[in-house]
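Notes to accompany the following structure.
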């Protein structure tokens with residue numbers, strides 16, 4: 001039988017920076033960020049148009065994989081210092097390089113295949129922000145880090161500049177100790193959010209969030225309350241992470257070459273994005289997580305920045 005230690009060793013060999021395990025046999029959903037918190041968040045309509053967040057399978061891991069016994073949570077540090085020349089537009093740091101779904105997904109696929117070669121009868125599913133799974137909860141419970149007041153997972157080693165994935169398996173594995181919270185009395189992220197999207201510690205209202213509106217919303221126009229406070233952001237927003245003391249102190253450049261600041265979007269001007277054609281969109285977003293933002297939304301976002309709060 002393959003051990004938890006052997007799994008972690010192999011996962012680290014694949015390049016994952018953090019690996020932890022949750023033993024579902026002993027897991028109890030009584031922590032602040034669990035199912036009850038998700039239900040309260042949904043009841044308040046804080047998911048906006050993200051209907052998939054209400055998928056009932058998200059509230060029970062065994063509905064995702066019948067017979068699930070363990071969750072292997074993994075993380076990759078994606079932090080990159082500001083590139084030179086400086087970007088012409090503000091884009092969330094996670095999207096500066098290649099699509100993280102593919103970068104983590106390839107590694108998780110290999111991990112799953114290796115596990116099955118060790119234990120052929122076991123079953124598994126892996127996800128990278130792609131299924132009805134509470135990624136952050138499992139990362140916290142696996143000891144990867146803790147869910148910060150800005151709702152991102154913070155690790156002692158890398159701050160919150162980490163991308164998460166998980167492999168759910170029917171294997172019975174020894175779990176790790178859940179991570180304790182180290183936000184303390186700090187409220188810098190709440191104070192810094194220009195739209196007040198962090199309505200209380202650990203609770204983000206997507207309806208007020210710049211990242212949500214610039215990436216997920218398909219509305220023809222951004223709400224006035226969002227457009228007036230974009231502060232240059234055309235795709236995502238890192239404000240709450242940039243002010244976090246853990247990030248300011250512990251951020252370190254990633255060794256993952258795929259996360260290097262290579263996206264041509266970084267050197268595309270607001271004026272170009274404001275008139276972006278479908279053909280140019282196809283070229284600029286190829287291989288990027290920001291392909292999720294369609295050409296009409298890029299034009300909408302850039303036009304809103306230009307008309308409200310230009311970023312030079």
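Cβ from N, Cα, C; glycine included.
Taken from Swiss-Prot, the feature active site, proton donor covers 129, and the record attributes it to sequence analysis. Residue 129 (active site, proton donor) falls outside any helix or strand according to DSSP and counts as coil. Of all Cβ atoms in the shown protein chains, 15 besides its own fall within 10 Å of the Cβ of residue 129 (active site, proton donor).
Across the domain '4Fe-4S ferredoxin-type' (176-203), the DSSP tally of helix, strand and coil residues reads 5 helix, 4 strand, 19 coil. Among the features that Swiss-Prot reports, domain '4Fe-4S ferredoxin-type' is placed at 176-203.
Under the heading [4Fe-4S] cluster 1 binding site, Swiss-Prot lists 183, 186, 189, 244, citing sequence analysis as support. Proximity of residue 244 ([4Fe-4S] cluster 1 binding site) to non-local residues of its own chain (separation of 6 or more, Cβ distance below 8 Å) is seen for 148, 150, 154, 159, 160, 188, 189, given in sequence order.
Residue 237 ([4Fe-4S] cluster 2 binding site) falls within neither a helix nor a strand when secondary structure is assigned with DSSP, and so counts as coil. Neighbour density for residue 237 ([4Fe-4S] cluster 2 binding site): within 10 A of its CB lie 27 other CB atoms from the protein chains shown. As annotated by Swiss-Prot, [4Fe-4S] cluster 2 binding site applies to 193, 209, 237, 240.
The binding-site residues considered are 183, 186; of these, 186 has the fewest other C-beta atoms within 10 angstroms of its C-beta. For residue 193 ([4Fe-4S] cluster 2 binding site), the nearest neighbour among the recorded positions 129, 183, 186, judged by Cα separation, is 186. With the fewest other C-beta atoms within 10 Å around its C-beta, 193 stands out among the binding-site residues 189, 193, 209, 240. The [4Fe-4S] cluster 1 site is defined by 183, 186, 189, 244, and by the 8 Å test on Cβ atoms against their centroid, the other residues of the chain that qualify are 148, 149, 150, 154, 187, 188, 240, 243, 245, 246. The residues near the [4Fe-4S] cluster 2 site, meaning same-chain residues not in 193, 209, 237, 240 whose C-beta sits within 8 angstroms of the mean position of the site's C-beta atoms, are 150, 189, 192, 194, 195, 197, 198, 204, 210, 211, 239, in sequence order.
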